[in-house]
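Student: One structure coming up, written as C-alpha cells, with questions to follow.
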Amino acid sequence: MMDSLTRLLASIAEIGFSAQIFSVLWATLLGIIVGMIPGLTATLGVALLTTLTFSMNPNEAILVLVCMYIGAIYGGSRSAILLNIPGTPANAATAIEGFPLARSGRAGEAMAIATTGSFLGTMVGMVALAVISPWLAEFALKFTSFEFFWLAVFGVALCGQLTSMDDVLKGWIAGFFGLLISMVGQESMHAYARFSYGDPNLAGGLSLLPVLVGAFGCAEVFSVMRQEATAPIKAKVSGVIAAAFSSLRYAVTWLRSGLIGTFMGVVPGVGEDMGAWVSYAAARRASKKPEEFGKGSVEGLLAAETGNSSAVPGALIPVLTLAIPGSAPAAVLLAAMVIHGLRPGPLIMIQQPDFFYSIVAMVFWGSVGILVLGLTLTRPLLYVLRVRREWLMAMIFTLCVVGSFAIAGRLFDVQVMIAFGLIGFLMRETGFPVAPMILGVVLGPILDANLRRSLSLTEGNLLGFVSRPISAVLACIVLVMLISGLPPVRRWFANRTKAMLSRRGSDG
Amino acid sequence: MSRLPVARTDLACGLFITILGAGALVESLRMPRFEERNADPFTVPGLTPGFVSVVLLILGAALLLRALSGRTATSQIGTGVTITQWNRGSVVRTVLTLAAVLTYGLLLFGHFPFVPVTAAFIFAFTVGAELIAPERQLSLLQVLLGAAVLAIAGAFTLHFVFTDIFLVRLPGGRWW
C-alpha cells in the first residue's frame with residue numbers, strides 16, 4: 001500500500017516538476033477548445049492528436065492524449081451551458097440545467113459549477129483507477145480463453161444495449177457489424193486473408209485508427225454540415241470563483257455522481273454519456289428540490305458534469321487491466337498505447353507498474369489543468385464559440401485525411417477513413433449507435449483468437465464455455481442481458497412498471 | 001397501409017443487414033479448412049466470421065420482420081432516425097460537403113502536390129459553405145480574402161507540421 005502511494009506521488013512529482021507540465025497545459029487547453037466546439041468530440045480530438053504524437057516518447061504521447069481526453073469531455077460543458085448545444089454527446093445532460101442558468105444571467109456560476117464538478121469527478125475516478133485497477137488486473141490473471149471470449153461478447157452486447165436504450169436491436173447489430181469488420185484481413189492461426197479477394201491492402205486488415213477517425217471525425221464533418229447553424233453567443237460572465245467554492249457544499253451529490261460515473265466508465269464501450277445521464281437521474285431522485293430540475297438546478301448540473309468526467313478515469317480501468325476500452329475515446333487511447341509500444345492488459349502491474357502509476361498521475365494533472373484553465377480563461381474561451389463551422393470543417397477534414405495517411409503512409413488508409421466516414425454518417429442518420437461498432441472492431445481479434453482456442457482445447461465441447469465459475473457467471477450475465485433486451489420482455493417490464501405506478505397513484 | 005418513415009428506414013436497414021449476414025456466412029463457409037495440413041477443425045479461419053455472420057443474420061432478420069410488421073422500437077416517430085428529415089438547406093450543405101470531401105480525399109490527395117490541392121480544397125469548401133449559408137454576415141470580398149488566407153496558412157502549416165516536425169512524407173511531392 002505504502003509502496004503504491006510512494007510510486008504514485010513520485011509519478012505526480014515527475015510530471016509536476018518537469019517540462020511535461022507544459023504539455024499538460026497545452027493539451028488540456030486544446031482538449032477544452034475541441035470539446036467546446038459543437039460537433040467536435042473527444043474521440044475526434046484524441047484520434048487526431050494521436051497522429052501528431054508519433055515523434056514523441058510514449059509517456060509524453062499518452063500524457064497529452066489523456067489531457068486532451070479530460071479537457072474535451074469538460075470543454076463540452078461550455079457550449080452546453082451557453083448555446084444549449086452539448087459540445088460532446090457526454091454534455092447533453094449538462095445542457096438541461098446549464099442553459100436555463102445561463103439564460104437567467106447566471107452563466108458564470110454555471111460554468112464554475114461545471115468546472116468544479118468536472119474536477120471533483122475526475123478526482124473520484126482517479127482514486128477508483130488507482131485502487132481498482134491493480135485488483136482487477138490481478139483478478140484478470142485468472143482469466144483464460146473462455147473468460148476472454150465471454151468478455152468480448154459481454155462488451156459488445158452491453159455496449160449495444162446501453163448506447164441504444166430506445167432500440168437495443170440496433171445497438172447489437174452495430175456491435176456485431178463491428179465484429180464482422182474486424183474479421184477482414186489475415187487471421188493469426190493459419191495466416192489466411194479473410195474477405196480480402198486478393199487485395200493486398202485488405203489482406204493487411206483495416207487499421208483501427210483510420211476506422212475511428214472516419215467514424216467519429218469524418219462522419220462528424222458530414223453531420224455538422226447537415227445540421228442547421230447555431231447563432232453566435234453573447235454571455236455575461238461574473239462570480240466564477242465564488243460559485244466554484246459554493247459547489248463544494250454538495251458533497252453527497254458529487255461523491256455519488258463520481259462513483260456512478262466511474263462505474264459507467266468501467267463498463268466496456270459505454271463511457272461518459274451514460275455516466276452523465278445516470279448520475280443526473282440519481283441526483284434528481286435523491287434531491288430535496290426535484291422541482292428545480294430542468295429549470296436550472298445547480299445540483300443537477302453538478303451531477304451531470306461530475307458523472308461524465310469521472311467516467312474518463314473509469315474508462316481507463318478496463319483499458320489498462322483488460323485491454324478493453326470503456327468508451328470510444330478510450331478505444332483510441334488503447335490504439336495509441338499499442339502504436340507507442342505499450343502493452344496494457346492483465347500483466348500491466350507485473351510488467352509495467354511505473355507506466356500504470358504514470359497514467360494515474362496524468363489523470364491527476366489533467367484534472368488540475370481543467371480546474372486552472374477553466375476558472376482563469378472563462379472570458380477568452382468564449383471567443384472559441386464564435387468561430388463559424390464553415391471556417392472550421394475543411395481544416396478538420398484535412399486533418400482527418402493527413403492523420404489517417406500519416407499512420408502508415410498508405411493512401412488505402414485515407415480511403416478506409418472516408419468509407420467509415422460515410423458508414424458512420426449513415427449509421428447516425430438511420431438511428432444506429434456508432435460506439436458499439438468501434439468496440440466490435442477492437443474486440444474482434446480477442447473474440448476470434450479466444451473462441452477458436454477454447455473450442456480447440458475442449459475439442460468442440462461447448463460445455464467448456466460454462467463449466468468454469470467466472471465464465472459461467474459471464475455467460476449468465478450475457479444471457480440475462482439478451483433476454484431482457486427482447487421486445488416481449490421489455491414490453492412486459494414496461495406494462496408492469498406502468499401498472500405499479502398507476503396503483504401507487506390511486507393509493508396515494 | 002402506409003408505413004411510418006422510421007419503419008421504412010428500418011425495413012431497408014434490416015434487408016441490408018440480413019443480406020450482409022447471409023453473404024458473410026456463405027463466404028465464411030467457403031473459407032479453406034486446411035484438411036491437407038491436418039489442421040485442427042476448431043481453428044479453421046471461417047469459424048469466427050461464421051459465428052458472427054449467423055448472429056448478424058438473425059439480428060438483421062429480426063429488424064426486417066419488425067419493420068415489416070410496421071412497428072418501431074418505441075412506437076414513436078423519430079427514434080434517432082433522421083434520414084427521413086431533410087430540408088433544402090441541409091440537402092445543399094450535405095451535397096456540397098460530400099462533393100468537396102470525396103473529390104479531395106479520393107481524387108486529389110496523394111495524386112497531386114499536397115500544398116496546392118489542400119489550399120484549393122480549403123478555399124473552395126469554405127467559400128462554398130459560406131455562400132450557401134443564409135446567416136452569412138460577411139461580404140463576398142471578405143469571404144474570398146478570409147478563405148484565401150485560411151487556405152494558404154492552413155496548407156502550409158499542415159505541410160510544415162507533418163513533414164518537418166513529425167517527419168511524415170506527404171504524397172504528391174513538393175510543389176515549390
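Keep in mind that glycine also has a Cβ here, set from the backbone N, Cα and C atoms.
Features from TrEMBL:
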- A:21-49: transmembrane segment (TRANSMEM)
- A:22-439: domain 'DUF112' (DOMAIN)
- A:61-77: transmembrane segment (TRANSMEM)
- A:110-133: transmembrane segment (TRANSMEM)
- A:139-160: transmembrane segment (TRANSMEM)
- A:205-225: transmembrane segment (TRANSMEM)
- A:315-342: transmembrane segment (TRANSMEM)
- A:354-379: transmembrane segment (TRANSMEM)
- A:391-412: transmembrane segment (TRANSMEM)
- A:419-446: transmembrane segment (TRANSMEM)
- A:466-486: transmembrane segment (TRANSMEM)
Student: Hey, which bits of the same chain come close to the transmembrane segment (A:139-160), Cβ under 8 Å, at least six residues off its ends?
Tutor: 168, 170-176, 178-179, 267-270, 321-322, 324, 345-347, 433, 435-436, 439-440, 443-444, 446-447, 449-451, 453-454, 457, 464-465, 468, 470-471, 474-475, 477-478, 481-482
Student: Give me the stretch from A:21-49, A:205-225, A:315-342, A:419-446 with the greatest number of Cβ pairs under 8 Å to the transmembrane segment (A:110-133).
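Tutor: It is A:315-342 that shares the most Cβ pairs under 8 Å with the transmembrane segment (A:110-133).
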Student: Do the transmembrane segment (A:205-225) and the transmembrane segment (A:21-49) come close, with at least three CB pairs under 8 A (pairs 6 or more apart in sequence)?
Tutor: yes
Student: Which of A:315-342, A:354-379, A:391-412, A:419-446 has the most Cβ pairs closer than 8 Å to the transmembrane segment (A:21-49)?
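Tutor: The stretch I would name here is A:354-379.
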Student: Give the mean pLDDT for the domain 'DUF112' (A:22-439) on the 0 to 100 scale.
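Tutor: Averaging the confidence scores along the domain 'DUF112' (A:22-439) gives 87.
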Student: Using a Cβ cut-off under 8 Å, which residues of the same chain at least 6 positions beyond either end of the transmembrane segment (A:61-77) come close to it?
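Tutor: The answer is 15, 20, 23-24, 26-36, 40-42, 45-46, 49-50, 53-54, 86-88, 90-91, 94, 98, 111, 114-115, 118, 122, 272, 305, 308-309, 311-312, 316, 329-330, 332-333, 336-337, 340, 342, 358-359, 362-363, 365-367, 369-370, 373-374.
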